[in-house]
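Notes for the one structure printed next.
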Amino acid sequence: MDDDAQMVAIDKDQLARMRGEYGPEKDGCGDLDFDWLDDGWLTLLRRWLNDAQRAGVSEPNAMVLATVADGKPVTRSVLCKILDESGVAFFTSYTSAKGEQLAVTPYASATFPWYQLGRQAHVQGPVSKVSTEEIFTYWSMRPRGAQLGAWASQQSRPVGSRAQLDNQLAEVTRRFADQDQIPVPPGWGGYRIAPEIVEFWQGRENRMHNRIRVANGRLERLQP
């Protein structure tokens, strides 16, 4: 560890004391209540996503995705690319670690952590693959570099060095140099979480946060 790293090291007491303060001034709204969901969970989730974008939250559509591997939870951040009445969807390689886990246990949860606004939204439910049409529609919207990256990377597999990874990208870049349209790689697509439970969380003073859960068409307020 260099001198600069030692100067900014956080000791155990500092870590224990770290906490943010929450209140109406953080998100500029009143207390989350049942009437916020009069138009359903999807309307509120879209509204909160739009609020995060307007507030300048970095990657407001990022969500922490949890899957199960051999009975053990595994999490990572992914980007929500479809949000509709059917649920939330993301795209990946079907042979990635999460793809293999979902093949065994097709159930997942995802949390949108909008810390800057003192809000979170949580979705959980069964998972299924998105349609071929949805795959092609989203693929056509991806930047060319991201398309090439999907071809170059054997997602979640070990790689010997950064140089090897760069060489793989260079190879597929040459391969598709004369093609205006890059095809969808085999084994690449998307998954959709169909919400069984949706929870909205809003931070408030003294840790007395607001939590409202939508499950089986019922609204419930949960203790923080």
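The backbone N, Cα and C atoms fix where each Cβ goes, and this holds for glycine too.
According to Swiss-Prot, the features are:
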type	residues	note
BINDING	R19, G20, E21, Y22, K81, Y138, R142, R207, M208, H209	substrate binding site
BINDING	R76, S77, V78, L79, C80, K81, F91, T92, K98, Q120, Q155, S156, W201, R211	FMN binding site
Candidates R19, R76, K81, K98, R142: member of the binding-site residues with the richest Cβ shell (10 Å): K98
Distance in Å spanning the most remote Cα pair of R76, S77, V78, L79, C80, K81, F91, T92, K98, Q120, Q155, S156, W201, R211, given for FMN: 36
Assigned conformation of R19 (substrate binding site) - DSSP reduced to three states: coil
Of R19, E21, K81, R142, M208, i.e. the binding-site residues, those within 10 Å of F91 (FMN binding site) when Cα atoms are compared: K81
Between R19 (substrate binding site) and R76 (FMN binding site), the C-alpha gap once rounded to whole angstrom: 23
Conformational class of M208 (substrate binding site) under the three-state DSSP mapping: coil
Site with most surrounding Cβ atoms, counting all protein chains shown within 10 Å, from the binding-site residues V78, C80, M208: C80
